[in-house]
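> For reference, TrEMBL lists these features for the protein:
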type: DOMAIN; residues: 337-506; note: domain 'Thiamine phosphate synthase/TenI'
type: BINDING; residues: Gln355, Leu356, Arg357, Glu358, Lys359, Asn387, Thr426, Lys455; note: 4-amino-2-methyl-5-(diphosphooxymethyl)pyrimidine binding site
type: BINDING; residues: Asp388, Asp407; note: Mg(2+) binding site
Amino acid sequence: MNMKSLIRKHNPQIHIITNNITAEISVNAVLALGAAAIGADSPLEVSEITSSSDALVLNAGTPSIDKYEAFRLAGLSANTKNIPVVLDPVGVGASTFRKENILRLLNDINVTCIRGNATEIMNLCDLIFDKRCDERLDQTDGRLEQPDNIMPFKLQSDKVISRGVEDAGLGFSKDAVISLSKKLDAIIVISGETVTVVSARDDFYKEYPGGSIFQKQFTGAGCMMSALLGAYLATGRKENITDIDSVESCIRDYESCARKAERRVYGNRNIGTMNYHNTLIDELSLLDKPWRYRFDKSDLNLYAITDRSWILNDNNAYGEDNSCNSNKASKESLYCKSLEEAVEKAILGGATIIQLREKNISDDEYIKRAESIKSVCDRYNIPLIINDNVDVALKVKAAGVHVGQGDTSVSKARSILGKDYIIGATAHNLEEAKIAQTCGADYLGVGAAFGSSTKKDAKPLTSLETYKEITSNISIPVVAIGGINDSNMDLLTGSGIAGVAIISGIFSALDIEKQANILSRKAKEDFL
């Protein structure tokens with residue numbers, strides 16, 4: 001059972017003491033996952049509320065004396081009960097008042113995780129590692145004076161600049177953040193175009209692709225992440241999952257939903273800020289649903305089909321001759337050593353769906369490979385389609401199956417798989433397309449657009465008008481396949497297709513992630 005299903009199973013209660021601006025969006029995000037939320041913030045009751053909750057989230061966006069006291073009391077209660085505490089030090093560098101009280105809070109309570117943008121985290125480093133802070137607290141009866149621009153960890157500027165709660169865009173020091181994690185014994189999450197997760201205790205430092213440019217266009221995207229971290233940490237504790245694994249799961253899920261929401265609003269031409277906001281909440285609510293219920297034409301935008309002949313040493317997993325890779329020996333260091341690694345790089349680069357295509361292996365071997373690739377896809381909430389093997393798709397609980405004209409029929413595949421699985425079908429003309437749609441296909445792969453390097457007998461379509469004819473006469477989405485690369489993709493613009501399916505154009509690249517990113521950007525521009 002994945003983390004999303006576990007959250008809905010346990011329905012943990014998250015006590016969220018947050019700012020007045022983003023309270024609703026934070027609570028709605030937690031509810032969308034299947035957790036419960038309560039927003040009590042009076043110092044008179046927070047200790048009691050926290051003691052009956054499963055995690056505590058503290059957001060300092062709209063601070064007051066009473067709110068900081070509520071933070072302190074709730075934090076002490078959480079520490080007593082040993083439940084996770086997430087701190088969002090919003091705008092910690094914006095005023096002396098915020099600096100004073102965040103420092104006092106961190107002196108009084110232990111936090112599990114701190115999430116902020118780079119400027120907030122670096123301001124926190126500046127505050128924590130100013131050796132005179134404790135002295136000033138002692139000399140002023142617990143009241144912190146303004147630091148004298150002390151910067152133990154230098155940025156690209158002489159000092160950290162804070163525009164309220166906004167990221168100043170100056171980046172952060174890796175050494176500083178690791179030291180902060182060690183000092184506070186907390187996981188540090190730095191959100192932005194790239195999300196960085198640091199845990200000194202776990203000797204962990206990893207970067208993840210950010211979600212969407214739209215997250216900067218409405219208030220509360222970061223606050224939402226902090227609230228979700230509370231839900232994931234609470235559930236992880238109930239399942240004996242480590243805190244760092246829970247945080248990783250949260251970041252991957254949230255950012256994958258953010259990217260999917262962006263593709264959906266682009267695809268539907270509803271690209272206003274609030275449409276994106278609502279679509280993001282919707283995507284969070286669908287995380288634990290079968291893939292067919294989440295499937296959208298935007299999932300086809302960059303359809304990566306595997307080819308293990310490009311993977312160094314991968315054939316050795318089944319004791320086969322590896323001679324097909326001998327031409328790559330001089331560039332071995334640049335190639336992936338496993339198909340799993342290659343698939344992960346393709347996903348990180350922007351692949352929106354993966355098809356596992358295997359030929360001439362037994363079902364047992366196919367299942368073994370499918371389970372391994374599915375674990376990669378599941379980590380990033382990317383659907384895995386099995387090529388031409390309904391039994392394998394069913395066995396590993398893949399997102400679906402793709403059947404060709406000479407393979408299992410669409411109707412038979414649907415009768416075996418039922419309503420929860422995605423079924424794709426191959427078509428070469430309008431007649432085949434209509435039959436596949438009538439039989440229950442969810443999408444079509446139509447080609448070969450420009451011939452094929454993997455199917456020597458595949459003939460290029462006589463005219464790209466074939467795509468227009470098909471897409472204008474059926475209701476299910478169409479993905480083009482066959483000889484497509486970044487130099488000819490533009491020729492398919494205006495054909496009505498939802499995306500492109502690419503094999504060697506991705507997996508033969510020296511840098512799969514970089515190449516997938518190039519293709520992803522073009523596919524988004526051309527077909528969404």
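Glycine is treated like the rest: Cβ placed from N, Cα and C.
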> Judged by the number of other CB atoms within 10 angstroms, which among Glu358, Asp388, Asp407 is the least packed of the binding-site residues?
Asp407
> Restricting attention to the domain 'Thiamine phosphate synthase/TenI' (337-506), give the mean pLDDT.
92
> Count the other Cβ atoms sitting within 10 Å of the Cβ of Arg357 (4-amino-2-methyl-5-(diphosphooxymethyl)pyrimidine binding site), across every protein chain shown.
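Arg357 (4-amino-2-methyl-5-(diphosphooxymethyl)pyrimidine binding site): 17 neighbouring Cβ atoms within 10 Å.
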> Of all the binding-site residues given, namely Gln355, Arg357, Lys359, Asn387, which is spatially nearest to Asp407 (Mg(2+) binding site) at the Cα level?
Asn387
> Just how many other Cβ atoms lie inside 10 Å of the Cβ on Lys359 (4-amino-2-methyl-5-(diphosphooxymethyl)pyrimidine binding site)?
11
> Return the count of C-beta atoms lying within 10 angstroms of the C-beta of Asn387 (4-amino-2-methyl-5-(diphosphooxymethyl)pyrimidine binding site), excluding that atom itself.
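20, counting other Cβ atoms within 10 Å of Asn387 (4-amino-2-methyl-5-(diphosphooxymethyl)pyrimidine binding site).
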> Give me the count of other Cβ atoms within 10 A of the Cβ belonging to Gln355 (4-amino-2-methyl-5-(diphosphooxymethyl)pyrimidine binding site).
25
> Which site among Leu356, Thr426 has the most other CB atoms no more than 10 Å from its CB, taking these as binding-site residues?
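Checking each of Leu356, Thr426, the winner is Leu356.
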> Roughly how many angstrom lie between the C-alpha atoms of Thr426 (4-amino-2-methyl-5-(diphosphooxymethyl)pyrimidine binding site) and Asp388 (Mg(2+) binding site)?
11
> In Å, rounded, how far does the Cα of Glu358 (4-amino-2-methyl-5-(diphosphooxymethyl)pyrimidine binding site) sit from the Cα of Asp388 (Mg(2+) binding site)?
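So the alpha carbons of Glu358 (4-amino-2-methyl-5-(diphosphooxymethyl)pyrimidine binding site) and Asp388 (Mg(2+) binding site) sit roughly 9 Å from each other.
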